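Database features (Swiss-Prot):
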BINDING   752, 826, 833, 836  Zn(2+) binding site
C-alpha cells in the first residue's frame, strides 16, 4: 500500500513518509548522568521525600550537589541517608579509610537510595506504626503509606522517579514557523531542549577527558537544572528567560491552567457547524424563531443539503452536489428551506452565565448578514444589539430532540433562580403598553358607548374618540371573560386603549381595568359597571383616574398567565404583548428634547438653606463643639438631604405626560436618580479612595457643570469603569468554584424518608423583613402538618406540597413558623431527594429525578455576581473603624467561611439587654445581657453602631452591633442548623 516505504531523500537524508509522523514519532536523549524529575521531587507533598523518608530540604542539597548522602555505611558508625558536607566527607574518608563506606551526591545518589527501598517491608512497618502513632507522626505515616502503597499496587519502581533517558516530544508539537521576512519563530521547548543537549554533550566530553571532579560536578548540576527548566520552568529558582526577559514556556505550562492543553483544547474545542455574527432585533419573529442569513445557513446545513440534492437526483454523487452548492445553483435554496424545517439551532450569548445563555430556536431564512433575535429573549442572555452571538447546529437526532424539548426559547419563561418570568417586556414594549393604558379626563369622545371592540376601534381610528378617553362598552360583547353574574348584560366604563389591551389577554383572565393584583386574581371591580338607567357621565366623573400599567404589572400578568395556562399559551400571549407594545410605542411618538427637562422653582432656596446649615456646622466645629468625624457626617448628611428635597419637589411638580416622566414611571428606561441628575442636582461624589467628598456638585445636566464640577465627576466615573472590568473576572472565578463543589448534587430519588426538617420564619434584618414567610413557603413540602393557631384546624397535612395559595392561607391564618423539608436535612446519599428540594422554579412543577439542581444553584448565585458592585467598603457616611464588606467580596467571604471584616459582637446568653454603658477613658461601650443562667458582659468599640437597645430581648448568637457574624463563633454558641440559616439569610441579602 505505501508507495514510499523505505525511500530516503538523497539531498537531506530524511525518510519519505506521511507528514503525520511529525506529530507521532518521539525522540530521546541519553543523559550522561541521572537526573531527578522535578515533579516528583518538588511536587507537594514531595513523592521522593515521602518514599525515602527524607525532608525536601535534604533532597535538594543532595540533588544540586551541595552535600553528600550516605548510601551504605558498611561497618562505620555513619547513619544511612545522613548528609555530609564536602569537608565532613573528606574528614570521614581520612578517618575510616577509602572504600570503608559509600556516599554520593547528585540524582545518582538518590537513584541508588530509591533502588534500595523495600516496599513490602516499609509498608508492613508503617501499618504497625499506625496502630500506636498519633498527631503529626500519624499524619506523616498515612501520607507515606499512600505513596508506597501506590508504588506497590501499580508495579512502578521508585527509582524510575530519576531519569536516565529523556524523551523528546514530536517536532510538530514544538514547531518552527517561518515568519514573513525570512525570520523564524520557534517554540520555547526547542530552546529548552537545546540547552539540555548542549550541557549533556559537554558533560560527555568532560567525562571522556577525565576532567577534575569539581568541573564534572558543576556540569552535572547544570544538566539537572536544564532538565528541570524543560519540565517545569520556574518551579525551582529563577525561571530561564528568553528575549525581553520573558520566562520560557515549559512542558508543564503547556498543560496548566485555562490556556493549557486540557482546558483550552480538549474541553473547549472550537466546533464544526457553528458560526457567529452581529445580532439585530427581529420584532416580527415568533418566540421560538430566530433569523439566520441565507449565506450562513447554506454553510451550516451543507451536508444535509447535499444529501437532499443526491436524493432528488439533481446530482449524481456527493462530489457533484458539493460543487452545485459552491456554485450557488438556484435549486439549492428551495432544498435549504426544506432542510431547516423542524431543525432547531442553538444561539449562545457570551458570557454564558447561566443556562438561559444558550437557547434553541427554529431558523427562519433572511437576507443580509445579521442574526435576528427575538426581543423578549434578550433579557435572559442579557443581550443587547451591539455585539455578536454564536450559532450552533445540533446534528444527531438525539441532539435535535433535546434542543426542541428542553432548550426551545418559548419554554424558558421562568428564571430557574427565583421562578419569576425572565421574558418580561422591556423598553419600547413597556412604553407602548403604558401609553396605551393611560386614562385622561375630558378627552374627545368621553362618555361614548360602544356595542363592541370593533366599533370602539372604528371611532378611535376616525378621530371620534381618543385612546385615553373613558368610554362605555357592552359587557356582552366579551362573553368569554370570567364576569360575575351581577356584571353581565351591563355597560362597563373603560378606555379605548384598555379595550385593545384586554383584547390580547388570554380569554380566561379577568378584564384588566386597574393595575393591581386584586383585579388580576379576583376580577374587575364592580364600580366600573353602570346600573340600568344610570348616566355614564356621572359614573365617569365619580371615578378616580387610574395609573397606567407599568413594567412590574406586566410581569405580574405574565406570571399569572403562566400559572394558569403554562408555556404554549404564555409564549403566544407574550408575542401579542410585544407587538401591541411596539405598535403603540410607535404611534405615541414619544420624543425628548432639552425643554422636556423641568426646572425646579425653589432650587435656589433649598441650596441656600443647605449652605447656611453647613456654615453653622463648621462654626460649631471651630468652637470645638463637635469632632471632625461628626462634622464630616453632618455636612454630607446636609447635602444628601438637600438633594432629597429637590428630588421630592421634582416628583411633586412633575407632569405625568412629560416623556421623561413616562419613560421613568413605566419602567422603560431610567430611574429617579437619573431624572434628578438631569433636573435637580448631581449631589455628592466619591473621591478616588472611596470616601465621599464634602463639596457637592450643585449643578444638574440641564444647567451644565462647571469645569471643577466636571473634574469631580470623573473620579467616580473612572472608578465605575475599572470596577466593572475587575469584578467580572472575580465573579466568573466564584461561579467556577461554586459549580465545582455543587455539580454532583442531583435529584437522586423521590423521597429520602427523613424525619428531620427546618423550622422557617420570615427572614429579618434588624426590624426590617428581607423575605416574607409566604415567599419562603411556596413550592416546599411540609415536614409536619400545619394547624390554625386559633381554631386548631389542620390547614395542610405532613409531607404536602405548599402551593402559592396555600402559602397565603397559612400566613393569613397568623402562622409565624412552619417546619418544612429542606435540602439541609435531606438524608439522600450523593444528592438530594424530590421532597426535600420542592418545586423546580423554572417550570413551577415538582422537580424531576435527575435534575442537576447543584449546578442550577451555583449558576443562580454566580450570574447576578457580575451585577453585584465591588463597593467593598460602604459605610453610612461614617468613617468608622468597622468597615462592613458588601457586594461580591461579601459573597466570597461567606462561601469561604472567612473571618469577616467588620465583625459583629454576638451574645452567648439568651435574655434581655439591661444596660449599655459608655466608658470614655478606654473608648469602649459595655453591653450587659441578663439571662436565666447569669449575666453576660460584652465590650464593643466606641464607634460601633448598636443593633440593640436597653430592654430588647436577644437570643443566643444574636448580633449586638452592626456587621457580619463570624460563622465559626456562631457555631460555638448555637448549632449547625442556625449557622446554615444565617449563611442562607446573608447570601439572600
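The first residue you see is number 1, and the count goes up from there.
Cβ atoms are placed via backbone N, Cα and C, with glycine included.
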Around the Zn(2+) site (752, 826, 833, 836), what further same-chain residues have their C-beta within 8 angstroms of the site's C-beta centre?
749, 751, 754, 821, 823, 825, 827, 828, 832, 834, 835, 837
In terms of DSSP three-state secondary structure, what is the assignment for residue 833 (Zn(2+) binding site)?
strand
I need the least crowded one of these binding-site residues (752, 826, 833, 836), counting other C-beta atoms within 10 angstroms of each C-beta.
752
According to DSSP, collapsed to three classes, what secondary structure does residue 826 (Zn(2+) binding site) have?
coil
